[in-house]
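J.: The structure that follows is given in the form of structure tokens.
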């Protein structure tokens, strides 16, 4: 095979990607840069070049400020939440001699839910006359407007997304646990290593690759939150859950400010790219310093 | 010692089962409320009186003047999701075959381009992609929903990694027998890739089935809406009719769960590879 010149065949088979990459990546990318310096409103035939006005306006806009901080707030809440829940599931399930696969399949089911559906369920479950709220009001005197305050709304969205991803990440972590050789634990037990040390010195280092994957995946998720926020809060209250996607959707398709939305999207992309790059490097350093990788 | 171990194992099973129940509870809540008497929807943790009223209301078009086409929306979703998924799988297999098994100049460049694009924040492409679809005359059409999602970088990535693990000797032997690249893909590579194909298929299909943002902005007519978008718009901001809302949620969720459970065994096997 290596003797034969496959250049033509290679490019032919790769051509779907080339075509797609051109039409749905390179052209939109260039177009997006161009749009970001115009005031086009998505409909009118005329528009003007406005230089960097869109960017200046965006950097001063409360919606953009909110998107920047809300993303990191989601990260602080969602990432530890989903890592903890998937770790718990993986810890409980991985050593079971029977029905392990059955459990893993069961825990994976929430991943199949549409964000629209999970939002509805939570909305109904926490509606004013729901059993939960009736109980809280009647027994504890707590009248909570779950979607009415920025913090509780943010927490709710984080919980919904964590619910969705727990089983998936647990699958990754379970296979991480399984790659740890049991003999290491036995040897450690002979050396008198106990529970907590065992976790820090053996389990965590050996689990690190799987943990790294789930951390990166979950951090990536926080930059793309849309459906749950759109369905439950519309970005509110008071921009409290206004993610990048929500802000861009509102600007482009509700306010019809295609030019301005492109500028916001450009800022969002740069922020996302740099944030993930820095966090990734930090995680790699953390692993290296501890000698885990 | 043995008795102690057995006991702790029982406790683990109980904990695992309770955890599973907790995770599945939202689904149970959804299904029970979809069948609950309307006076009990969202009023009881576990409803006690049941009816088909919610489903009847939904399928008869509800109380709005224009009958809401739930069945039409279901088939829209089916068409869009199947079309998209099939294309993503075909393009995934073909491109991955080139990247994993064909030697050609520029292969490394393409590999890197795909990796780069995978980690590129796609949000920047949303508005211009919408404009391209509009210019191509595909606004408010199936093609407009399918074509921008006709290729998945993730699918290419997964297949490329899998194909690399298939020994070249198989392919060389087939080539000596005069097999073409297409024949090699369909007769040799794909039959060896069943489990990964099922994993890729399930992930792509369910992601497409539950897509909201794109299907929402690219469609205008009521009779083109996907089920997920119709659900979102019908019961969105103003609430009302919680019973039918749960019924519609069941109609959206149950097919995908059945599909998943049907392939669950192969999914488990396939995931073994993807998680390595």
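Any Cβ shown, glycine's included, is placed from N, Cα and C.
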J.: To which of the residue ranges A:206-226, A:227-247 does TrEMBL assign the term transmembrane segment?
T.: A:206-226
J.: For the record in TrEMBL, which of the ranges A:146-165, A:166-185 is the transmembrane segment one?
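T.: Comparing A:146-165, A:166-185 with TrEMBL, transmembrane segment matches A:146-165.
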J.: In TrEMBL, which of A:38-59, A:258-279 is tagged transmembrane segment?
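T.: Within the set A:38-59, A:258-279, TrEMBL attaches transmembrane segment to A:258-279.
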J.: At least three Cβ pairs under 8 Å linking the transmembrane segment (A:12-34) and the transmembrane segment (A:102-126), pairs spaced 6 or more in sequence?
T.: no
J.: Take the transmembrane segment (A:206-226) and find every residue of the same chain, 6 or more past its ends, with a Cβ under 8 Å from one of its Cβ atoms.
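T.: Beyond its ends, the transmembrane segment (A:206-226) has Cβ neighbours at 71, 74-75, 78-79, 82-83, 86, 115, 157, 161, 165, 169, 172-173, 175-177, 179-180, 184, 243-246, 249, 272, 275-276, 279-280, 283-284, 287, 292-293.
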